[in-house]
Amino acid sequence: MTLTKQSFHRALPPSSEVAMTDLDHTRGKEKAMQQSVTRTGMVVPKKRPTGRLVMHSMAMFGREFCYAVEAAFVTPVLLSVGLPKSLYSLVWLISPILGFVLQPVVGSASDHCTCSWGRRRPYILGLGIIMLVGMALYLNGDEMISAFIDGRDKQTWAIVVTMLGVVLFDFAADFIDGPIKAYLFDVCSHQDKEKGLHCHALFTGLGGALGYLTGAVDWGQTVLGYSLTSEFQVIFLLSALVFLICLTVHLRSIPEVPLRYNKEETRLLLEVTDPRKYSSIEEIRNGYIACTEINAAAKPKKHVATSCTETQRRMTLKSLLKTLFSMPSHYRYLCVSHLFGWMAFLSNMLFFTDFMGQVVYRGSPYAPHNSTVYLTYRRGVEVGCWGLCINAISSSVYSYLQKILLQYIGLKGLYFIGYLLFGLGTGLIGLFPNVYSTLALCSLFGVMSSTLYTVPFQLIAEYHREEEVQSLQEDEQDTDHRRGKGIDCAALTCMVQLAQIILGVGLGLLVSVAGSVVTVISASMVSLIGCCFVAFCVRYVG
């Protein structure tokens, strides 16, 4: 009989360490797809059902529904209350400046939130309420002021209230995206993160499509229109109802394990009698596996008990600024590419209905409301809503196709194609402002929209996964310097506010000088520049 290397090792009595490792491997084999064990004491999520991911995506549906309503009506509303041209850019500057300054603070605060309800959901609920207040003010500001004020000051106060509503809505709608993405990353495994982001893009497109369809309907001629004072009140009622339902479903989708464990959970973590035995908290109730240190028995229990308080102390102004300024280069390049994308996308979307009314249909919003020129402009706005609806539907379709294309062209190909197609499409619209060609090319807007909502956040997830694997390989025990998901998602979504600031400063002046056609031309140029940046500067994992 030949003694092979394998049979020799089987013949030897196994050491206690090998035996315990084999025993753990056997016990954990059946749960290998549901849990993973780390050495950091962090919560490891299990695989999520598709239904839960769909519920989680409903917040994006409601948010984009309200965003679509704002995109369709904010310019006509501001013009209808008599907003001077000199103040138009100010509306788009106040909210993004606040967001750009405060969003990293909110992202870092949510990383260290000790609320028993979770880290992200309290912020999502608060921002959702602010969205509803802002929407109520900008859609009903004129009627609110009419009920309380008469005379010469009526128009001034109507402008103030409407502007305040737009600022509050934009502030909250932009802010809420970061906590929603961080919430998804916290409660999902790496495979479910990718699946969840595609669900987010799908429902973002569907919500936008329904929102633009709402804007394309003449609600003044319906039963609700006759019952209420104005068409804008009908739109607010529908938007608020949709958003409240979606927000409620989202907040009840997947439970979070709070950062600060209660006494019972702390006791479970401390009850470690075997260095190879893993304790779990809320495993059945919340579907998480909370893993203790592999060598927990060899370490003082005080270290485990005080880990949460140490985490809370990390969030200081100094540490926040250090995290932002010491951002690795690949995060910084990703943020810059995201900035190019949103500058191109917003410069087109914010003025698209006005572009359709003034350039394509050759109407004017400044004409008397009963004149043919103004009615022609209103017709162009309604058709522009249909174009934005096409954009939203194509975004949903493309978000599904992304999963197929990803296997062949990877994240780099998806990122490059999104910017390239959008740049070409907006360039053709600016050169040939025809109704039918413009509506057809609106489908390319959806490619860009889906790309911005998925690919950058997938890259963030890849970066975090790479860092976690690297820290495990290096047997890293100190987690103080690790970047939080909340602040990285916030830094990425800050680019939306920065894009709005840049556009508010420069694009408003260009529109007043050259007209709305400059918006699509500038969108095309910025998108093509971003296309080159995506191809040569952004780092891709794998």
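Cβ coordinates are placed from backbone N, Cα and C, and glycine is handled just like the others.
Residues 91, 131, 135, 138-139, 141-142, 155, 158-159, 162-163, 166, 169-170, 173, 207-212, 214-216, 232, 235, 239, 242-243, 246, 349-354, 365-366, 378, 381, 384-385, 388, 392 of the same chain lie 6+ residues outside the transmembrane segment (65-83) yet bring a C-beta within less than 8 angstroms of a C-beta in it. Among the features that TrEMBL reports, transmembrane segment is placed at 65-83 (among others).
If you look at the transmembrane segment (89-110), the same-chain residues 6 or more away from its ends with a CB under 8 A from one of its CBs are 78, 83, 119-120, 123, 163, 166-168, 170-171, 174-175, 178-179, 182, 315, 320, 323-324, 350, 484, 486-491, 493-494, 496-501, 503-505, 508-509. Residues or ranges marked as transmembrane segment by TrEMBL: 89-110 (among others).
Feature annotation from TrEMBL assigns transmembrane segment to 122-141 (among others). Non-local neighbours of the transmembrane segment (122-141) in the same chain are 59, 63, 66, 69-70, 73-74, 77, 81, 106, 109-110, 113, 115, 158, 161-173, 175-176, 179-180, 183, 232-233, 235-236, 239-240, 243-244, 247, 250-251; each lies 6+ residues outside the stretch with a CB under 8 Å from one of its CB atoms.
Residues annotated as transmembrane segment in TrEMBL: 156-176 (among others).
What TrEMBL lists as transmembrane segment is 197-214 (among others).
Residues 55-59, 61-63, 65-66, 69, 73, 121, 124-125, 128, 131-132, 135-136, 139-140, 180, 207, 210-211, 214-215, 219, 222, 224-225, 228 of the same chain sit 6 or more residues outside the transmembrane segment (234-251) yet have a Cβ under 8 Å from a Cβ within it. Per TrEMBL, the feature transmembrane segment maps to 234-251 (among others).
Same-chain residues lying 6 or more positions outside the transmembrane segment (339-361) and placing a CB less than 8 Å from one of its CB atoms are 71-72, 75-76, 92, 376-381, 383-385, 387-388, 418-419, 422-423, 426, 433-435, 438, 445, 448-449, 451-452, 456, 495-496, 498-500, 502-503, 507, 511, 515-517, 519-520, 522-524, 526-527, 529-530, 533. TrEMBL lists 339-361 (among others) with the feature transmembrane segment.
Same-chain residues lying 6 or more positions outside the transmembrane segment (381-401) and placing a CB less than 8 Å from one of its CB atoms are 64, 68, 71-72, 76, 198, 201-213, 215-216, 218, 349, 352-357, 360-361, 435, 438-439, 442-447, 449-450, 453-454. The annotation transmembrane segment is assigned in TrEMBL to 381-401 (among others).
The transmembrane segment annotation in TrEMBL covers 413-432 (among others). For the transmembrane segment (413-432), the residues of the chain that approach it from at least six positions outside its boundaries are 337, 340-341, 344-345, 348, 402, 405-406, 438, 441-442, 444-445, 447-448, 450-452, 454-456, 517, 520-521, 523-525, 527-528, 530-531, 534-535, 538, judged by C-beta separation under 8 angstroms.
Look at TrEMBL and you will find 438-455 (among others) tagged as transmembrane segment. Sequence-distant contacts of the transmembrane segment (438-455), counting only residues of its own chain at least 6 positions beyond either end whose CB sits under 8 Å from a CB of the stretch, comprise 60, 197-198, 200-201, 204-205, 208, 338, 341-342, 344-345, 348-349, 356, 360, 383, 386-388, 390-399, 402, 411, 414-415, 417-419, 421-422, 424-426, 428-429, 527.
The feature transmembrane segment is assigned by TrEMBL to 489-511 (among others). Distant neighbours of the transmembrane segment (489-511): 88-93, 95-97, 99-100, 103-104, 106-108, 170, 174-175, 177-179, 181-182, 185, 324, 327, 331, 334-336, 338-339, 342-343, 346-347, 350-351, 456-457, 460, 518-519, 522; these residues of the same chain sit at least 6 beyond its ends, with a Cβ under 8 Å from one of its Cβ atoms.
For 517-541 (among others), the entry in TrEMBL reads transmembrane segment.
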Remote residues contacting the transmembrane segment (197-214) - C-beta distance under 8 A, at least 6 residues beyond either end:
53-54, 56-58, 60-69, 71-72, 180-181, 184, 235, 238-239, 242, 246, 385-386, 388-389, 391-400, 402-403, 446, 449-450, 453-454, 457-458, 461
